[in-house]
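Structure, as structure tokens:
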């Protein structure tokens, strides 16, 4: 009880300070949006202590990004403002993104304090409200739109679809990118369903239950595998993830892993939006071996999501409509023009032997090939040996053997 009273007193003091700051700003007529500074209309590369964008604009001078100011024209929606999502939102805010849409239904708890960003005095507030308050103070140039609800319910799903398709920097325009920073399969599938239906590009992220590995994945509907194309093992095995949760047992959580995953996620977002570097379709992280595997996955033609299959057909039509570029094959340079000794390269096995050593190739979906085939077992043919009957009796044969 005493802790609750103390927490409420701290919250009252915080609100009183905010009120005093707001009254002071209005009295001075500064017109700033929070954070103790006026809004900056245009990014500048001027190197002065009062310019929060000077080091970001230095990327242009160093030839990394051609037009960094373009970042202020983009809108990003973040679903899940927890360990990864809150840090992702903070990084994008510091980078000067144009607009952020935040979706989460949960509240800040003291158990969240190990996952960066949130502060103890914010316990009890909704995560989106606490995040918006902190982020506005960090960068008042960014526009924020927060929604405190669960996107997996039927009524909220329609509103979620509406906001990602109309909540861009210019109202009525779609967002440029959706980031999934949720921690359960149901929410990921909800985002996947919405983005497949709208043809919306999105990035998925996650941290393992033991907190020592994570990943990010870029999903372009029709072009790359969606989340339903290759479901996690726990889902493929028909296991209800709700039954995995036990009372008094929770998943591990490391702020270091959360920070690394959020960092590579935002890095991929910046490369995708500002068109520099190589954008990874899948990038993993294993803290135990410091291993960062990368790969790309083609969509599954037999995906359970009908909108995914529809997007695949549209993507194939788009690719087929592109003008075909003629591939000019360059002849390899001849190292030795003359062959004085008549040397020839001969295969170790003939084509007939190669066919016998290979088995039948199974019928697989497009894009999947077998590494090897199992040859069919052939029964060893034993030549028949016939012996002519000599006509001698068994006693005569035994007598001959004794004389040998």
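Glycine is no exception: its Cβ is also placed from the backbone N, Cα and C atoms.
Sequence-distant neighbours of residue 45 (phosphoserine) (same chain, six or more apart, CB under 8 Å from its CB) are 53, 54, 57, 58, 60, 61, listed in sequence order. Under DSSP, residue 45 (phosphoserine) is assigned to coil, being neither helix nor strand in the three-state scheme. Annotated phosphoserine per Swiss-Prot: 45 (among others), in sequence order.
What Swiss-Prot lists as ATP binding site is 83, 104, 127, 150, 184, and the listing cites similarity to another entry. Long-range neighbours of residue 150 (ATP binding site) (same chain, six or more residues apart, CB within less than 8 Å of its CB): 105, 156.
A 10 Å cutoff on Cβ-Cβ distances gives residue 303 (Zn(2+) binding site) a total of 20 other Cβ atoms nearby, all chains included. Per Swiss-Prot, Zn(2+) binding site is recorded for 226, 229, 303, 308.
Swiss-Prot lists 250 with the feature active site, glycyl thioester intermediate, giving similarity to another entry as the kind of evidence.
When pLDDT is averaged over the motif 'UFM1-interacting sequence (UIS)' (334-346), the result is 74. Feature annotation from Swiss-Prot assigns motif 'UFM1-interacting sequence (UIS)' to 334-346; the stated evidence is similarity to another entry.
Look at Swiss-Prot and you will find 358 (among others) tagged as phosphoserine, backed by similarity to another entry. According to its DSSP assignment, residue 358 (phosphoserine) is coil.
Among the features that Swiss-Prot reports, motif 'UFC1-binding sequence (UFC)' is placed at 389-404, with the record citing similarity to another entry. Taken residue by residue, the motif 'UFC1-binding sequence (UFC)' (389-404) breaks down under DSSP into 10 helix, 0 strand, 6 coil.
With a 10 A radius on its CB, residue 393 (phosphoserine) counts 9 other CB atoms from all the protein chains. What Swiss-Prot records for 393 (among others) is phosphoserine.
In this structure, the CA atom of residue 229 (Zn(2+) binding site) is 31 Å away from the CA atom of residue 127 (ATP binding site). Residues near residue 226 (Zn(2+) binding site) in space but far in sequence (CB under 8 A, at least 6 apart, same chain), listed by position: 192, 195, 196, 219, 299, 303, 305, 308. Here the C-alpha separation of residue 358 (phosphoserine) and residue 104 (ATP binding site) works out to 55 Å. Of the residues the record lists as binding ATP, namely 83, 104, 127, 150, 184, the two whose Cα atoms sit farthest apart are 17 Å from each other. Residue 184 (ATP binding site) sits 87 Å from residue 393 (phosphoserine), taking the Cα positions as reference.
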